[in-house]
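Structure first, then comments.
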Amino acid sequence: MAFNPPVIRAFSQPAFTYVFKFPYPQWKEKEWLLHALLAHGTEQSMIQLRNCAPHPDEDIIRDDLLISLEDRHFGAVLCKAVYMATTTLMSHKQRNMFPRCDIIVQSELGEKNLHCHIIVGGEGLSKRNAKSSCAQFYGLILAEIIQRCKSLLATRPFEPEEADIFHTLKKAEREAWGGVTGGNMQILQYRDRRGDLHAQTVDPLRFFKNYLLPKNRCISSYSKPDVCTSPDNWFILAEKTYSHTLINGLPLPEHYRKNYHATLDNEVIPGPQTMAYGGRGPWEHLPEVGDQRLAASSVSTTYKPNKKEKLMLNLLDKCKELNLLVYEDLVANCPELLLMLEGQPGGARLIEQVLGMHHINVCSNFTALTYLFHLHPVTSLDSDNKALQLLLIQGYNPLAVGHALCCVLNKQFGKQNTVCFYGPASTGKTNMAKAIVQGIRLYGCVNHLNKGFVFNDCRQRLVVWWEECLMHQDWVEPAKCILGGTECRIDVKHRDSVLLTQTPVIISTNHDIYAVVGGNSVSHVHAAPLKERVIQLNFMKQLPQTFGEITATEIAALLQWCFNEYDCTLTGFKQKWNLDKIPNSFPLGVLCPTHSQDFTLHENGYCTDCGGYLPHSADNSMYTDRASETSTGDITPSDLGDSDGEDTEPETSQVDYCPPKKRRLTAPASPPNSPASSVSTITFFNTWHAQPRDEDELREYERQASLLQKKRESRKRGEEETLADNSSQEQEPQPDPTQWGERLGFISSGTPNQPPIVLHCFEDLRPSDEDEGEYIGEKRQ
């Protein structure tokens with residue numbers, strides 16, 4: 001027979017009540033998994049309890065099952081875990097291994113949630129820390145539950161569905177230690193006149209007697225209360241149920257519950273005999289409530305902000321509307337509002353707080369890339385873009401670099417969270433880095449001079465700019481976390497350390513950032529982990545002094561084009577540029593044939609594959625045609641009318657000239673600067689070097705392409721006819737020597753052994769030296 005706990009007659013103060021919800025919403029559909037995880041060995045008993053008869057019918061099996069499951073079912077195990085976690089919390093509060101406190105825990109199977117009610121009282125808890133302790137309390141409870149789940153691993157490994165519940169608990173525990181409860185740990189609260197919520201103390205014994213005790217027992221969602229509760233302990237008006245109850249670590253048996261309730265009601269918590277005023281009896285001469293008091297009670301308690309708070313709200317709205325990020329922006333755009341706020345007590349501090357709130361709002365809603373597009377919404381990538389020109393001069397594919405920058409600024413490039421522009425002076429590295437960060441505007445800088453607080457300016461920023469980066473042993477460890485995008489805590493001047501979330505980093509330097517300097521020694525121990533976190537672009541070519549600065553609009557145009565054309569993720573970057581691994585040194589660009597990186601002649605636009613400039617058609621139409629052939633697919637330059645399409649006639653007639661067997665059949669191409677080529681091919685490709693922008697341009701492009709296609713077909717037919725004529729000429733029989741002689745002007749004399757008659761046009765021809773040599777030693781006729 002179970003031990004009956006003594007009736008609790010005093011409860012430690014102050015007392016608070018908590019509610020813990022089991023962080024697995026589908027617990028009712030998979031309750032059998034909870035039996036296996038928390039109460040291993042009770043699965044068969046729970047199945048048998050489903051088929052038992054309800055009270056008052058006699059059922060020996062039912063009574064035996066209820067006795068055996070008294071404190072072994074999963075509700076009892078959950079109740080014990082919560083009690084142990086509560087004891088641990090109070091020991092932390094009182095700094096004592098054996099805290100002096102009172103604890104009541106009751107587990108219940110609700111309609112939606114599996115939850116536990118906790119009443120705890122004692123020194124160490126107060127209105128100030130009871131509410132803030134919810135996350136810590138939640139983490140301690142989950143740790144106790146996980147520890148009981150691990151006991152199952154001693155007998156067998158987890159099933160897949162059991163492992164799913166276990167990992168859900170582990171994830172919730174990690175979030176709890178980060179201060180996130182997800183609404184699964186709540187405390188009874190009240191709202192004050194200002195609308196703030198505070199922890200509410202309770203009368204623990206009355207709360208226990210009136211709310212927790214009058215409930216019927218139900219230890220499984222498959223069974224019913226009339227199966228688990230005997231008729232002698234049935235609460236008639238109770239609609240809710242409970243699973244298990246612990247009072248200071250001792251279980252409250254089901255058969256003793258009604259007795260316990262009666263003892264509390266009669267001996268411990270008697271009702272008031274007299275009213276609290278005047279010694280009147282109950283319901284005698286109650287005070288009348290006047291109209292004014294009724295009117296006052298119906299007045300709305302909505303909080304009204306004062307003048308200072310209204311000014312702060314207006315300034316915050318202005319910052320969101322006009323994208324104001326620094327104090328100078330406030331002075332330029334809303335000086336009147338700024339002056340009114342400066343006139344308030346502590347106005348400068350209030351302005352800093354408003355700007356800090358706006359920075360937090362921007363960092364939570366935008367990434368560096370999306371905020372850049374938010375500030376520069378409509379931009380087009382032109383061929384005279386200086387960012388495009390600079391990357392081409394340094395030997396890189398500007399489209400590939402833009403793709404990588406989009407991934408890094410959008411926090412989609414994995415562990416490589418940093419872009420480093422390395423090179424000597426006057427190569428454009430600072431020009432490029434400055435254009436990126438000034439386009440984003442909300443950026444922080446690293447200060448080497450303030451050695452104790454190097455990253456003081458990096459919190460609540462979209463991007464970090466590390467100009468002339470130098471790695472020192474004092475800050476190399478936090479630098480590795482920041483360069484890799486790992487969350488870490490940084491020291492801030494005159495404040496506690498703050499959490500720095502993942503923030504992209506832009507570096508421009510001419511130092512070796514992989515060599516760590518410390519004192520009079522240089523170490524390369526950190527070189528490998530630093531290289532895994534950095535993408536380095538080497539700028540080695542010096543720029544002319546007239547190159548100019550890259551504007552924020554130009555860098556935004558390049559990144560916006562890449563963001564619209566490519567999949568800006570790590571996987572998309574690897575697939576687009578055929579890379580198995582992103583190296584530390586960014587790969588150089590490979591230009592298409594005939595495409596140039598010389599930005600002097602850039603009117604024809606840029607190639608969408610290599611980023612190089614298309615060459616000038618006026619300089620060499622042959623290369624333009626070849627480049628166009630690679631970019632236009634099936635339409636070739638010969639098909640678009642580069643040649644005249646006319647067959648050239650031979651200089652001699654068919655009688656006077658016999659064509660060779662291997663004669664060139666195609667008509668010679670027109671010269672590079674011919675009018676026909678300039679009108680057809682070059683004009684077409686100069687007009688359509690980019691995609692049509694709307695439906696009208698698309699229809700015009702299709703019309704011109706169809707005309708050029710028809711011209712190609714007509715030219716093909718002419719070439720086929722020429723080929724047929726030449727084939728017929730080759731099939732004619734070759735003339736014999738006599739016929740050749742007649743064609744050359746020799747006529748046979750008709751008299752035997754007489755030389756032929758030579759026409760007058762050949763009479764003046766003198767024999768050559770070779771002919772003279774043929775008659776040496778012979779008598780000439």
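Cβ from N, Cα, C; glycine included.
Sequence annotations record features per position, and here Swiss-Prot assigns domain 'PV NS1-Nuc' to 11-271 based on sequence analysis. Annotated divalent metal cation binding site per Swiss-Prot: E108, H115, H117, in sequence order, evidence recorded as sequence analysis. What Swiss-Prot lists as motif 'RCR-3' is 211-215. Annotation source Swiss-Prot lists domain 'SF3 helicase' at 397-552. Per Swiss-Prot, ATP binding site is recorded for G423, P424, A425, S426, T427, G428, K429, T430. Under the heading compositional bias 'Acidic residues', Swiss-Prot lists 641-650.
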Sorry to bug you, but what's the C-alpha spacing from H115 (divalent metal cation binding site) to A425 (ATP binding site), rounded to the closest Å?
66
If we check Cα distances from H117 (divalent metal cation binding site), which of the binding-site residues P424, S426, T427, G428, T430 wins as closest?
T430
Within the same chain, and leaving aside G423, P424, A425, S426, T427, G428, K429, T430, name every residue whose CB is within 8 angstroms of the centroid of the CB atoms belonging to the recorded ATP site, in sequence order.
F421, N431, N510, F539, Q542, L543
Fewest other C-beta atoms within 10 angstroms of its own C-beta: which of the binding-site residues G423, P424, G428 fits that?
P424
Which residues does E108 (divalent metal cation binding site) neighbour through Cβ under 8 Å, counting only same-chain ones at least six apart?
L114, H115, C116, H117, K215, K240, T241, Y242, S243
How do the residues of the motif 'RCR-3' (211-215) split into helix, strand and coil according to DSSP?
2 helix, 0 strand, 3 coil
Cβ neighbours of S426 (ATP binding site) where a neighbour is any other Cβ within 10 Å:
15
Output, ordered by sequence, the same-chain residues six or more apart from K429 (ATP binding site) with a CB under 8 Å from its CB, or 'none'.
F421, Y422, G423, S508, T509, N510, L537, F539
I'd like the number of other C-beta atoms within 10 A of the C-beta of T430 (ATP binding site), please.
20
T430 (ATP binding site) in three-state DSSP notation:
helix
For the recorded divalent metal cation site, enumerate neighbouring residues of the same chain (Cβ within 8 Å of the Cβ centroid of E108, H115, H117, site residues themselves excluded), in sequence order.
V19, F20, Q106, S107, G110, C116, Y242
Chain-internal residues, separated by at least six, CB under 8 A from T427 (ATP binding site):
Q394, F539, M540, K541, Q542, L543
